[in-house]
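Database features (TrEMBL):
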- Asn92, Gly192, Asn193, Ala194, Gly195, Asn196, Thr342: pyridoxal 5'-phosphate binding site (BINDING)
- 27-343: domain 'Tryptophan synthase beta chain-like PALP' (DOMAIN)
- Lys66: N6-(pyridoxal phosphate)lysine (MOD_RES)
Amino acid sequence: MPFRPRYTGLIAKYHDRLPVKDDSRLISLGEGNTPLIRLNNIPGELGKDVDIYVKYEGLNPTGSFKDRGMTMAVTKAVEEGSKAIICASTGNTSASAAAYAARAGIKAFVLIPDGKIAMGKLAQAIMHGADVLQIRGNFDDGMRLVKEVAEQAPVTIVNSVNPYRLQGQKTAAFEIVEELERAPDYHCLPVGNAGNITAHWIGYCEYSGRGEGILTEACTLCNGHCRYASAIVDKRPVMVGYQASGSAPFLRGHMVDDPETVATAIRIGHPQSWDYAWKVKEESGGWFDECTDQEILEAQRLLADREGVFCEPASATSLAGALRDIRHGTIPEGSTVVCTLTGHGLKDPDIAIRQSSDALRTIDATLDDVRRAITDRL
Ligand code: F0G
């Protein structure tokens, strides 16, 4: 039986499209190559003829899409001789930065909003040995402080303002195109800082051989070589970004000072990729919309319950918005839709259990009780 070569991460796979040197030491945990799962049950229940796929980024090594960007950012930091990285985070970036710093043997400092990140993410940052600084402030305060301190101390910022992050994250779009053998008609994402929606657009542009607009700016990093890459498909998707209503600067049209949402990962009022995201909307003919916390939690539950896919609340924002737009016909029947599920549901067990506690029954440890409990529900 012929063996396939071992998958060793996205930089190894896409090195000709990424700004890395041939002899760079790659800092990788085998990230990328995540499943694109076709939803079997939800479209039928909606009564709509649509193909919905979820790109399950929660199956990356630290449980979120951040690993795609972090393998690039940390590889480049090490290539450039950096001994420490720093980030502000709503949780996932800190978990990923901590893990890749551990892998590289360098130091990670992470600033997180005190009491406002999911427990799983905090556990990851601590276990990977990061210096965890809980600030009495939100993500936006942390981001401002990280930028200021990096001007005075020898630390590399690994938030998505670090352009290598977007370069790594664009590979998710490559994988989707390769698997579908075309670009989807619509690509729906949750939007916080708007780095990920920007990165996906860069990826789709590259694979369609279009070098105009945002790509021209974002790709100066690889000396433009990716701009000249041959076209693999001729079409790009319409990009749709959904925000949580309490943290929706793209809907308000201005920065929001006190963002609030149950989806703590996207509790961001001052997005770092503000200008890029507006360009993505324009260039792709897409739109932004918002979802309430209740819609987000319902979509999270629906996906777990009907399809067996468990994502964290922020991730479910993409599906919540897409389902509403499909129901209203804004996304027409006959479309192929991809929703990015940015993080794993196990990141935030508290929220999941809190909204499902009615599913738990406590009974005596007797055969009679167990039998009765089962036959009740058959
Ligand atoms: N979904 C999850 C699970 C996230 O962790 C984030 C961002 C987003 C969506 C939004 O992505 O910022 O590129 O628009 N989390 C960052 C963090 C802010 O610190 O982990 P974006």
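Each residue, glycine too, has its Cβ placed from N, Cα and C.
TrEMBL labels come from automatic prediction, so no person has curated them.
Note that the structure is predicted; figures quoted are calculated from it, not measured.
The Cβ of Ala194 (pyridoxal 5'-phosphate binding site) lies under 8 Å from the Cβ of Gly241, Phe250, Pro271, Gln272, Ser273, Trp274, Tyr276, Ala277, Val280, each of which sits 6+ residues away along the same chain. Excluding Asn92, Gly192, Asn193, Ala194, Gly195, Asn196, Thr342 themselves, the residues of that chain whose CB lies within 8 A of the CB mean position for the pyridoxal 5'-phosphate site are, in sequence, Phe65, Ser160, Pro190, Val191, Ile197, Ala265, Ile266.
When Cβ neighbours within 10 Å are tallied across all protein chains shown, the highest count among the recorded positions Lys66, Asn193 belongs to Lys66. The distance from the Cα of Asn193 (pyridoxal 5'-phosphate binding site) to the Cα of the residue listed as 'N6-(pyridoxal phosphate)lysine' comes to 12 Å. Comment: pyridoxal 5'-phosphate site residues Asn92, Gly192, Asn193, Ala194, Gly195, Asn196, Thr342; largest CA to CA distance 15 Å, whole number.
Across the binding-site residues listed here (Asn92, Asn196, Thr342), the residue whose Cβ sits among the most other Cβ atoms within 10 Å is Asn92. Taking only the Cα positions, the spacing between Gly192 (pyridoxal 5'-phosphate binding site) and the residue listed as 'N6-(pyridoxal phosphate)lysine' is 13 angstrom.
In the structure shown, the C-beta of Gly192 has more C-beta neighbours within 10 angstroms than that of any other entry among the binding-site residues Gly192, Gly195. The two recorded residues Asn196 (pyridoxal 5'-phosphate binding site) and the residue listed as 'N6-(pyridoxal phosphate)lysine' have their Cα atoms spaced 9 Å from each other. Here the C-alpha separation of Asn92 (pyridoxal 5'-phosphate binding site) and Lys66 (N6-(pyridoxal phosphate)lysine) works out to 7 Å. Thr342 (pyridoxal 5'-phosphate binding site) sits 8 Å from the residue listed as 'N6-(pyridoxal phosphate)lysine', counting Cα to Cα. For the pair formed by Gly195 (pyridoxal 5'-phosphate binding site) and the residue listed as 'N6-(pyridoxal phosphate)lysine', distance between Cα atoms is given as 10 Å, rounded to the nearest Å. Taken as a whole, the domain 'Tryptophan synthase beta chain-like PALP' (27-343) shows an average pLDDT of 94 in this prediction. Annotation note: Asn196 (pyridoxal 5'-phosphate binding site) sits in a helical segment as assigned by DSSP.
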